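Since the structure comes first, as C-alpha cells, the remarks are kept for the end.
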2 protein chains.
Amino acid sequence: MDKPLRIAIAGLGTVGTGVIRLLETNRDLLTARAGREIEVTAVSARDRNRNRGVDLSRYAWEDDMTALAAREDVDLVVELVGGSDGPALALARASLGAGKHFVTANKAMIAHHGIALAKTAEAHEAALKFEAAVAGGIPVVKGLREGTSANALERIYGILNGTCNYILSKMEDTGADFGEILAEAQAKGFAEADPTFDIQGIDAAHKLAILAAIGFGARIDFDAVRTTGITQVKAADIAQADALGFVIRLIAMADTETGEDGRTRLLQRVRPCLVPKDHPLASVDGPTNAVVAEGNFSGRLLFQGAGAGDGPTASAVVADIIDIAREEIGAPFSIPVAGLEPMPPVEPGHRMERTYLRFTVTDRPGVLAEITAAMRDAGVSIESLIQKGRADDGGEVLVAMVTHEGPERCIKEALDLLDGSESLTDAPLVLPILRD
Amino acid sequence: MDKPLRIAIAGLGTVGTGVIRLLETNRDLLTARAGREIEVTAVSARDRNRNRGVDLSRYAWEDDMTALAAREDVDLVVELVGGSDGPALALARASLGAGKHFVTANKAMIAHHGIALAKTAEAHEAALKFEAAVAGGIPVVKGLREGTSANALERIYGILNGTCNYILSKMEDTGADFGEILAEAQAKGFAEADPTFDIQGIDAAHKLAILAAIGFGARIDFDAVRTTGITQVKAADIAQADALGFVIRLIAMADTETGEDGRTRLLQRVRPCLVPKDHPLASVDGPTNAVVAEGNFSGRLLFQGAGAGDGPTASAVVADIIDIAREEIGAPFSIPVAGLEPMPPVEPGHRMERTYLRFTVTDRPGVLAEITAAMRDAGVSIESLIQKGRADDGGEVLVAMVTHEGPERCIKEALDLLDGSESLTDAPLVLPILRD
C-alpha cells in the first residue's frame with residue numbers, strides 16, 4: 001500500500017465537518033478504494049473554539065488558512081470557505097503554486113477563475129478538482145469530463161438550483177404564489193436569508209459556465225451567461241402551464257453553433273422554461289438537481305440527485321480526493337487549458353423557439369386586439385391563447401398564449417411594440433418551451 | 001503530445017463498426033480529450049468480405065482474433081464479439097496476459113469471468129474496462145467505481161434490460177398482453193428472435209452481478225442472482241397496478257446485510273416489481289435504462305439513458321479507451337481483487353416486503369374464503385383486495401391483493417398452502433412493491 005494521502009481542510013462549516021464525518025465513518029472502505037489511507041493533518045477555519053460536533057484535536061490548526069498551502073505535511077488542500085475571490089482564491093493560488101492538489105466546492109471561484117487556476121495546476125503538475133461545485137452529490141463533472149468524453153455534445157441542460165426547484169415545484173403542488181413559498185423555504189432552510197444568488201439564477205449560472213467549459217471545450221465565460229430568475233413566475237403561470245401539459249422549471253442550458261465567420265459560438269442561458277410533462281426533467285421535484293447531456297453517439301443521458309446538503313457535497317469532495325489518491329487526475333476541464341477555445345457568445349435573436357407569453361392587462365375593450373396586433377406586426381404566430389379574468393384581483397385580467405416556433409427576435413419586437421401600452425399592468429412574462 | 005494509443009478491434013458487428021465510425025467522426029475532439037491520437041491498427045471478424053459501410057482497408061486484418069493479442073503494434077484490444085466463453089474469453093486472457101489493455105462490452109463474460117480476468121490484468125499491469133457491458137451508453141460503471149466512491153452504498157437497483165422495459169411500458173400504454181407486444185418488439189428490432197436472455201431476466205442479472213461487485217466490493221457471484229422474468233405479467237396486472245398507483249418494471253436490485261456470523265451477505269435479485277408512480281424509475285419508458293445508487297452520504301443518485309444500440313454502446317467503449325489513453329485506469333472493480341469479499345447470498349425469507357399477489361381462479365363459491373384463509377394461516381396481513389370477473393374469459397376470475405409489510409417467507413407459506421388447490425387456474429403471480 002502506498003503512503004497516506006495527507007489532506008488539509010480549510011473551512012469547517014456544515015460541509016467541512018461533513019467531510020470529516022465522512023472520512024471517519026467510511027474510513028476502511030475509503031482506504032480500500034483509494035489504495036491508501038486518507039489522513040487529515042491540518043485544518044483552518046475562522047473560529048477555533050466553535051463546537052462543531054467533530055473532534056479536531058488530532059489535526060494541526062492554522063489561524064491563517066493560506067498557511068495550509070505551505071505545510072510540508074500536506075499533499076492536498078480542500079477549500080470549503082466559499083466566495084469567488086478573497087481568502088479562497090488566495091488559498092487556491094498558494095496551494096496549486098506550491099504543487100499541492102486542490103479540491104474545492106466553490107462554484108463562484110471556479111466560474112470566475114477556473115481557467116487561471118487550471119493553468120497554475122498544469123504548471124505545477126497538481127490536480128484541480130471541483131465535483132462538488134456543480135449539482136452537489138451528483139457526479140456530473142466526472143460525467144461530462146469522462147462519462148461522455150467520446151461524444152460531441154449537442155446540448156447540456158438541467159436543473160442546477162435546488163432552491164428554485166423547491167419553490168417552483170412547491171408552487172405547483174400548493175397553488176401558492178412565489179413570495180409565500182420563498183418565505184416557507186427560508187423558514188425550512190431550503191433558501192438562504194438573502195436568496196438573491198439563487199432566485200435570480202446566478203448560482204445556476206456559475207454551475208452552467210463550469211459544465212459548458214467541460215462539455216464544449218470552451219474557456220469559461222461566466223459573464224456571457226444570460227440569466228433570468230424565477231421571481232416573475234406567478235401561481236397563475238404554473239396553473240396555465242399545467243393546463244397546456246407543462247411544468248415550469250428553472251433550466252440552465254448551454255449549446256453551441258457555428259457563426260458566419262466559422263468560429264464556434266457558445267450560448268449559455270438560465271431561464272424559467274415550460275417543460276413538457278413527459279420530459280425526464282418534469283418529474284424532478286423539490287431541491288433535487290438533474291443534468292441532461294445529449295451526445296452525438298450516447299444520445300440523451302440524465303444524471304439526477306441531491307443538489308446540495310452537507311452529505312451529498314461531502315460525497316463529491318471525497319470522490320475527488322479518492323481520484324487523486326488513485327492518481328486518476330488529468331485536465332480539470334477535460335482538455336489542457338491551451339486547447340480550450342475562447343467562444344464568443346451567440347446573439348440568440350435568430351434562434352427558433354416556441355414561447356409562452358403572459359400579459360396582465362386591464363379589463364377593458366380592445367386590449368386583446370392591441371396585443372394580437374403587436375404579435376401580427378412582429379411576425380409572431382400564435383398557436384393558442386387564453387384570456388382569464390381574475391375575480392380576486394380587481395379587474396386585472398390574464399392573457400396567456402403559446403406561439404408557434406419562430407425566431408426569438410420577433411417576440412422581442414412584439415414586446416417592444418407593446419412597451420408603454422396603458423393596457424398592460426405589469427411587465428409581460430416570456431417563458432421558452434423546452435424543445436424535446 | 002504522447003505517442004498514439006494503438007488499438008485492435010475484434011468483432012465488427014453493429015457495435016464494432018459503430019466504434020470505428022465514432023473514432024472517425026469525433027477524431028479531433030477525441031485526440032484533444034485523450035491527449036494523444038487513438039489509432040486503429042488491426043481488426044478481426046468472422047467474415048472479411050462483408051460490406052459494413054466503413055473502410056477497413058487501412059487496418060491490418062487477422063482471421064484468428066486471438067492473434068490481435070500478440071501484435072506488437074497493438075496497445076489495447078477491444079472485444080465486441082460476445083459470448084461468456086469461447087473466442088471472447090480466449091482473447092481476453094491472451095490480451096491481458098500479454099500486458100495489453102482490454103476493453104469489452106461483454107456482460108456475460110465479465111459476470112462469469114470478471115474476477116479471474118481482473119486478476120490477470122493486475123498481474124500484468126494492464127487495464128480491464130467494461131463500461132459498455134452495463135446499461136449501454138450510461139456511465140454507470142464509472143458512476144459506481146468513481147462517482148459514488150466515497151459512500152457505503154445501501155442499495156443499487158434499476159432498470160437494466162431495455163427489451164423488458166419496452167414490453168412492460170408498451171403493455172401499459174396499449175393494454176395489450178405480453179405475447180402480442182413481444183411479437184411487435186421482435187418485428188421492430190427491440191427484441192431478439194430468441195428473447196430468452198432478456199425476458200427471463202438473465203441479461204439484467206449479468207449486469208446486476210457486475211454492478212454489485214463494484215458497488216459492494218464483492219466477488220462477482222452471478223449464480224447467486226435470484227431471477228424472475230416478465231413472462232407471467234398480464235395486462236390485467238398492469239391495469240390493477242395502475243389503479244393502485246403503481247407501474248410494473250423489471251427491477252434488478254442488490255443490497256447487503258450482516259449475517260448472524262458477522263459476515264456480509266449479498267442479495268441480488270431481478271424481479272418484476274410494482275414501482276410507485278412518483279418514483280423516478282416509474283417514468284423510465286421504452287428501451288431506456290436507469291440505475292439508482294443510494295449512498296450513505298450522497299443520498300439517492302440516478303443515472304439514466306439509452307441501454308443499448310450501436311451509438312450508445314460505442315460511446316461507452318470509447319470512453320473506456322479515453323480513460324486508458326489518459327492513464328486513468330485503476331482496479332476494474334474499484335478495489336484490487338484481493339480485497340473483494342466473497343459474500344454468501346442472503347436467504348431472503350426474513351426480509352420485510354409489501355407484496356402484490358394475483359390469483360386467477362374459477363368463479364365458484366368459497367374461492368375467496370380459501371385464499372384469505374391461507375393468508376391468515378400463513379400470517380399474511382392483507383391491505384387491500386379486489387376480485388374482478390373477466391367477462392371475456394369464460395368464468396375465469398382475477399383476485400388481486402396488496403399485503404401489508406411482512407416477512408417474505410409468509411407469502412411463500414401461503415402459496416404452499418394453496419398449492420394444488422382446484423380453485424386456482426394458473427400459478428399465482430407475486431410482485432414485490434419497490435420500497436421508496
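Note that the numbers count up from 1, one per residue, in the order the chain is shown.
Every residue, even glycine, has its Cβ placed from backbone N, Cα and C.
Heads up, TrEMBL stuff is auto-annotated, nobody curated it.
What TrEMBL records for this protein:
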BINDING   A:A10, A:G11, A:L12, A:G13, A:T14, A:V15, A:G16, A:T17  NADP(+) binding site
BINDING   A:K107  NADPH binding site
BINDING   A:E192  L-homoserine binding site
ACT_SITE  A:K207  active site, proton donor
DOMAIN    A:356-436  domain 'ACT'
How big is the Cα-to-Cα gap, in Å, between A:A10 (NADP(+) binding site) and the residue listed as 'active site, proton donor'?
22
When the Cα-Cα distance from A:T14 (NADP(+) binding site) is computed for each of the recorded positions A:K107, A:E192, A:K207, which gives the smallest value?
A:E192
Let me know how many other Cβ atoms fall within 10 Å of the Cβ of A:V15 (NADP(+) binding site).
25
Enumerate same-chain residues with a sequence separation of six or more from A:K207 (active site, proton donor) and a Cβ-Cβ distance below 8 A; give 'none' if the list is empty.
A:K107, A:A111, A:A133, A:V134, A:A135, A:L160, A:N161, A:A252
Using Cα coordinates, what distance in whole Å links A:G11 (NADP(+) binding site) and A:E192 (L-homoserine binding site)?
19
Need the DSSP three-state call for A:A10 (NADP(+) binding site) to compare against my parser.
strand
Within 8 Å of the Cβ centroid of the NADP(+) site residues A:A10, A:G11, A:L12, A:G13, A:T14, A:V15, A:G16, A:T17, which other residues of the same chain have their Cβ?
A:I9, A:G18, A:V19, A:A45, A:L80, A:V81
Lowest local Cβ density (other Cβ within 10 Å) among binding-site residues: A:G11, A:G13, A:G16:
A:G13
Tell me which of the binding-site residues A:A10, A:L12 sits in the most Cβ-dense spot, judged by other Cβ atoms within 10 Å.
A:A10
DSSP three-state assignment (helix, strand or coil) for the residue listed as 'NADPH binding site':
helix
